[in-house]
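Taken from Swiss-Prot as is:
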type	residues	note
ACT_SITE	184	active site, proton donor
ACT_SITE	394	active site, nucleophile
BINDING	41, 138, 183, 184, 326, 394, 439, 455	beta-D-glucoside binding site
DISULFID	203-210	disulfide bond
CARBOHYD	64	N-linked glycosylation site
CARBOHYD	209	N-linked glycosylation site
CARBOHYD	214	N-linked glycosylation site
CARBOHYD	361	N-linked glycosylation site
CARBOHYD	429	N-linked glycosylation site
CARBOHYD	461	N-linked glycosylation site
CARBOHYD	485	N-linked glycosylation site
CARBOHYD	500	N-linked glycosylation site
């Protein structure tokens with residue numbers, strides 16, 4: 001599948017511009033551009049070659065929901081996908097390893113077929129000049145550990161996670177130089193243990209359909225264990241592998257660009273509370289060795305306490321911060337007092353109400369183009385946490401899953417070029433941001449809404465047993481940008497590009 005544009009389109013890409021113009025070469029030397037997937041969302045082959053269920057398999061199967069049993073079938077089509085990455089011009093590709101494929105029971109024997117798959121995939125990437133960025137945990141711990149001792153609510157998982165990380169470092173570290181231990185630690189914790197809408201589906205909040213859990217305590221226990229597991233794996237890498245392999249180990253979190261819903265002082269204060277709970281909860285331990293004072297005051301005894309040794313181990317344990325960013329949120333202060341609330345949870349502790357900045361409704365929507373939100377996040381981290389190295393590990397916008405309509409994904413291009421420009425502006429303002437990954441490289445099983453909408457640069461025909469891939473307009477645009485054939489497009493240029501794409505597709 002050739003990823004080329006007509007001479008007319010290239011001409012338009014150069015000259016149909018508006019506003020400030022930039023191209024890939026404006027970014028600092030060494031800055032990387034890539035795209036991303038995750039194991040459960042891309043691989044499929046859910047019961048092949050020794051893989052056992054993860055919590056995602058159980059969560060979706062027991063609820064009779066759409067699932068990732070086959071999804072994009074990356075397990076069988078990875079060589080084809082690497083060719084597409086090369087044609088697109090990616091510097092790097094971010095993916096995750098399925099813990100239950102590599103070590104099916106979560107600890108103990110390594111699955112040789114799972115090990116060989118990841119070796120083959122990584123070798124395929126490296127041999128084609130694509131830098132692998134690997135995430136160890138993307139919401140999908142083995143169901144065996146959940147059944148045995150409760151998974152992340154039990155500190156026993158720290159030892160098992162460290163042993164799993166050791167296998168990955170040992171087997172793949174000669175090719176992998178960038179490791180992210182935990183994906184979106186804050187959202188994994190909130191979704192799985194406060195709201196119960198993602199695995200393992202634990203909660204106690206009123207109106208939630210959970211059979212077990214405690215939203216007052218478990219989000220904080222799990223968050224604590226995630227931080228300790230990261231610190232343990234990071235320490236292992238530095239002691240055993242760093243000198244030989246020369247890689248780095250980071251941690252990622254979900255971020256929002258917060259803005260007050262009114263000009264009131266209460267809403268201004270609420271924005272800072274939201275930042276403390278969304279950012280500070282995970283970042284302050286890495287920088288200062290402890291949780292934000294606001295969280296300690298509000299959550300009180302329900303918030304775990306770091307021992308002196310744990311504080312020292314967590315502080316400074318993340319070589320970089322991975323940022324997952326999609327949209328902005330309008331924040332309103334609420335008056336709920338956790339001390340008098342009958343059932344406090346993460347949201348009542350935070351004391352804010354948030355309105356997501358989206359276009360359309362939540363069943364089929366696109367995110368609003370709000371690049372200021374990206375700038376706000378990067379500036380806040382720079383100012384508040386010592387300007388650590390940052391990789392934007394996910395950024396993108398969904399569109400309704402429609403094979404014909406989504407090929408001409410003009411709104412996605414408008415979104416991406418605005419956010420890439422925001423990253424460049426932040427770098428020029430001093431942010432130590434070193435890479436940017438579009439979510440997602442192709443259409444996948446999306447973890448909350450399944451196959452209702454898609455983020456991919458490439459479409460996947462999920463009705464076709466061969467899972468045929470096709471480039472969308474955004475794939476052509478990103479490829480041209482990466483190859484230095486284009487600059488950021490103005491709206492007129494994008495619309496003309498769409499028209500030209502339609503003409504070439506029908507000819």
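Heads up, the Cβ atoms here are built off N, Cα and C, so glycines get one too.
It is 29 Å from the Cα atom of residue 214 (N-linked glycosylation site) to that of residue 326 (beta-D-glucoside binding site). Spatially, by CA atoms, the recorded positions 41, 183, 326, 394 include one closest to residue 203 (disulfide bond), and that is 183. Residue 210 (disulfide bond) sits 22 Å from the residue listed as 'active site, proton donor', counting Cα to Cα. Classification of residue 64 (N-linked glycosylation site) by DSSP places it in coil, neither helical nor stranded.
Here residue 455 (beta-D-glucoside binding site) is compared against the recorded positions 64, 394, 461, and the shortest C-alpha distance is to 394. In the three-state DSSP classification, residue 41 (beta-D-glucoside binding site) falls within a helix. Among the record's beta-D-glucoside binders, 41, 138, 183, 184, 326, 394, 439, 455, no two C-alpha atoms are more than 18 Å apart, and one pair sits at exactly that spread.
Cβ-based neighbour count (10 Å, all protein chains) for residue 326 (beta-D-glucoside binding site) stands at 24.
In this view, the residue listed as 'active site, proton donor' is surrounded by 25 other Cβ atoms within 10 Å of its Cβ, with every protein chain counted.
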